[in-house]
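Since the structure comes first, as structure tokens, the remarks are kept for the end.
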Amino acid sequence: MNVANFKTCMLFLILLPVLFFDLIPDASADDGYRLWLRYDKIQDEDLRQDYLHQLRQIHYAGSSARIEKAKEELQRGISGLLAQKITFSDEPGNGPTLIAGTPESSPHIRSMELQGELRSLGEDGYLITRDRQNNIAIAASRDIGLLYGTFHFLRLLQSQQSLQDLDIKSAPQIQLRVLNHWFNLDGTAERGYAGGAIWQWEQLPDYKDPLYTDYARANASVGINGTVLNNVNSDALILTEGYLEKVKALADVFRPYGIKVYLSARFSAPIEIGNLSTADPRDPEVRRWWEKKANEIYSRIPDFGGFLVKANSEGQPGPQDYNRSHAEGANMLAKALSPHGGVVMWRAFVYSNEEPEDRVKQAYNEFTPLDGEFRDNVLVQVKNGPLDFQPREPFHPLFGAMPETPLMMEFQITQEYLGFATHLTYQAPLYEEVLDADTYAKGEGSYVRKVIDGSLDDKQLTGMAGVANIGTDRNWTGHPFAQANWYAYGRLAWNPELGSERIAEEWISMTFSNKEAFIEPVKEMMLASREIAVDYRTPLGLHHIMGYGSHYGPGPWVDEGRADWTSVYYHRADSSGIGFDRSTSGSNAVSQYHPPVKQQFNDIEKVPEKYLLWFHHVEWDYELDSGRTLWEGLVHHYYSGVDSIRRMQDTWESVEGYIDEQRYTHVARLLEIQEKEAAFWRDACVLYFQQFSGRPIPDAYPEPDHPLEYYQDPLNKYVPGL
Ligand code: GCV
């Protein structure tokens, strides 16, 4: 090679990283274990130097277990992001310093006179601001606020925000921000799609897997402050001495992260593990048994959160077995917990197939007469919609109908009806749609989120629960994008008004890449993904037409077994039309909503089309807003759902090279599966409903590859239960 060629070659090699800088992945391989708490070195050298300059000294005042955790996290974050080990100084030094403390622990924070503001932010809130010397200050009333503030500060660095004009005030709008794990004691997870239960019951309490600490870090980073360790379909054994020792071991790991443990309590436990002959809440022995049990739990776990209870639902025992009401059952447990400060989260997910009433009306009918009868440490935990975590449901009419009772929201993070851990569906838009729904309970603006945050009815005790999607898979959630649902749930429980878009941006930049060219298209893909999931499964208000039991693939033909678990109960397709008439001339479920919501849902011309078939039985030739007939519109939704997944695939292909190959390929392959399965859903549903509509698939759409029998044949379902 001559000198000129050599020079050109060298120049090219030097310029190569510059030319392709944007395409250099942020990490070579990543198995997803670190979730959004990835602290890889910031590539932008100017920015890294700027951060280093501003963080030349770090001083954390105080010395509690939570402060230690905050310091550990900061250490971990800064040594990764800025590639710099930090030492904490004993005093705020000269020159730019990050100072963290409470007014009690730090004279410096006290001198900033933030006490009033901090008080208004409550126990968990924090400020991230600048002091008079332009130091960065993280201030809180309590050390848990400092831990939350530290995670927020790290989020700023991870998402490469400017630290110039810091003026952050943050406080949770909801008090109990809880994950519900449906983990069984045999290590399995009901509706868990990312492996089994993460608690290694057989190794506890002696061995505490380091994963428990990482679990706690992830939760604390988004403000989750409670975890229900076991399935609501509960096993009484969890309340025995041996298991309580294991529960205590977990509580000890979680405590420094501000996370309380709760247990799902089996109502019949006094019989099963207490040798009593009844669990009747009026029986004095039963009451004493629960009181003793509560004392026993609190002697081990002084900050135990309380009980979650699924009673008289889907075969679970409950007070109605003794002709007592839900309130009597809940109050008995609440009384036992009350001296210790514990709460009862009593689920409103109740329905019975012996009841001829429309299933979606039953919880409202059963619970509204009990409003005002619950003790003040009871929350009634209500699923977001009146049926069961469908891809889309109208909000549950109990929201806005029990002003005397704290109502807790229950969202499902695990994707029982949304393609398990295989389909990419970002659920923040679903959560947001429900939280932003207007109940009109006290006139316009009576949003569901105001019921939940207590502001509508002046409630102090508030809560939100999310049925977790976490399992033993290395990346916690199976699908790499399912991590976003855990993250989004936590962020919305902290602030229900944050918005899906902002949450997606945060999550993408922390989890994958800070490059705009990656964030923008991926964010758009995420934001569209929930509506796409609805399109190829249950468009226009269809619901519960999934495969029997598994709830994974299509099963609109399911017509055997208990009626309210069949699909035909819900879609009611016949030659005249399709949909469940819940108007005043049908089951009258609309009457459970306040006017004007009731009027809107009741009127076929006014009901939002997304709920059309939820509330009305509609003729096949009914004209939709688009000008299409109902039949054509239904077909259109199914086909466009599948087409949209192809666009998601294109989007993903367009960002190849921005992130590590490992996660890129994982998502790419899962999107291929999703496309295949969405097409299966589409073809199965279109062919099935065509039997009733008797109309052709419009010419614009290709015919399904197979006849209906193929999709119905269990042998062609390549996933059990598909
Ligand atoms: C834990 C649905 C699910 C069940 C779940 C139940 C519930 O019916 O399919 O697996 O049981 O909801 O929320 O209690």
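Backbone N, Cα and C atoms are what each Cβ position is placed from, and that goes for glycine too.
All annotation found in TrEMBL is predicted automatically rather than curated by experts.
Residues or ranges marked as signal peptide by TrEMBL: 1-29.
Taken from TrEMBL, the feature domain 'Alpha glucuronidase N-terminal' applies to 35-153.
Look at TrEMBL and you will find 157-476 tagged as domain 'Glycosyl hydrolase family 67 catalytic'.
Around the Cβ of GLU314 (active site, proton donor), the same chain contributes ASN233, each under 8 angstroms and 6 or more positions distant in sequence. Classification of GLU314 (active site, proton donor) by DSSP places it in coil, neither helical nor stranded. Taken from TrEMBL, the feature active site, proton donor applies to GLU314.
Secondary structure from DSSP puts ASP388 (active site, proton acceptor) in coil. Taking Cβ-Cβ distances under 8 Å and a sequence separation of 6 or more, the neighbours of ASP388 (active site, proton acceptor) in its chain are PHE349, TYR417, HIS544. Taken from TrEMBL, the feature active site, proton acceptor applies to ASP388 (among others).
Taken residue by residue with DSSP, GLU416 (active site, proton acceptor) is part of neither helix nor strand, so it is coil. The feature active site, proton acceptor is assigned by TrEMBL to GLU416 (among others).
Per TrEMBL, the feature domain 'Glycosyl hydrolase family 67 C-terminal' maps to 477-699.
Helix, strand and coil counts under DSSP for the domain 'Alpha glucuronidase N-terminal' (35-153) come to 49 helix, 20 strand, 50 coil. Using a 10 Å radius centred on the Cβ of GLU416 (active site, proton acceptor) and all shown protein chains, the other Cβ atoms total 22.
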